[in-house]
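Colleague: After the structure tokens below, expect a handful of questions from me.
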Amino acid sequence: MNMTQARVLVAAVVGLVAVLLYASIHKIEEGHLAVYYRGGALLTSPSGPGYHIMLPFITTFRSVQTTLQTDEVKNVPCGTSGGVMIYIDRIEVVNMLAPYAVFDIVRNYTADYDKTLIFNKIHHELNQFCSAHTLQEVYIELFDQIDENLKQALQKDLNLMAPGLTIQAVRVTKPKIPEAIRRNFELMEAEKTKLLIAAQKQKVVEKEAETERKKAVIEAEKIAQVAKIRFQQKVMEKETEKRISEIEDAAFLAREKAKADAEYYAAHKYATSNKHKLTPEYLELKKYQAIASNSKIYFGSNIPNMFVDSSCALKYSDIRTGRESSHPSKEALEPSGENLIQNKESTG
């Protein structure tokens, strides 16, 4: 064997080794697990992220995602209970496969498990829902419930068929309906919108009227309260004036009563003092003093009796008639007072 043949052989061996190494070395991305098939049989040991070596041309692998992924189901037909065929353009199913369930699910449903467990189930559940409801319910009334109903139905079946596969969310686009029906629905929605606008305007008008009524009531209540306060103020002023008048009257009455009591007490004391003071002897003394201070001389038979007592007057009358002597005796004139005797003597 010459050198040329040896070089060709070495090059062929190196190329074969390189091809074998290239075919045996593979890379697994983060968030994925690799499952291996050897001769068509699934191996029990999945591999995690990184570089791995396998027997080329004998062992094959499939990468299975274990993080959140979104599967899309497109153009799903759906027949309503009224016989109208509608199409849902796209349904998105967000799901996640747990790493511990990878081997069982791949063994039971292959690495394309989402086609069996999600796509087919979506078609079945959606047709069940549409066939039980009318177009009005599917398109308008119950459309907001389709997402949640599909999610619950899928998760319920997966809990039995494929534990470890979890449905996180389901998003359904608006169904496509026949053009004529769509226009009718649009007109109906437009009329409903107008009705809602009219109802809202009516509510606004009613609210404004209610607001005005409340404002009027509040204003009336305010006026009434102000009037009530003013009335109470006037009543209090009148009551205060009445109270002041009563106090003044009571004070005046007390003063007058005290004054009357004082006058009564003074009069009573004065009467009592006079009672004790005006004795017959004192009166007699005062009479004599009054006669003594009187400088008038009376002549004739009409001498007032107040200046002489009865016995003196009788004696004086007898003297004037001549029954007695022309000059009265000293004893007869003695009660009349000393001044009267002196006056008589001066005129005789």
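Quick reminder: no glycine exception, Cβ is built from N, Cα and C everywhere.
Note that this is a predicted model, so its numbers are computed, not measured.
Quick paste of what Swiss-Prot says about this protein:
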TOPO_DOM  29-348  topological domain 'Lumenal'
CARBOHYD  Asn108  N-linked glycosylation site
MOD_RES   Lys269  N6-acetyllysine
COMPBIAS  321-333  compositional bias 'Basic and acidic residues'
REGION    321-348  region 'Disordered'
Colleague: Roughly how many Å lie between the Cα atoms of the residue listed as 'N-linked glycosylation site' and Lys269 (N6-acetyllysine), rounded to a whole value?
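Modeller: Per the Cα atoms, the residue listed as 'N-linked glycosylation site' and Lys269 (N6-acetyllysine) stand 139 Å apart.
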Colleague: Over the span of the topological domain 'Lumenal' (29-348), how high is the average pLDDT in this prediction?
Modeller: 81
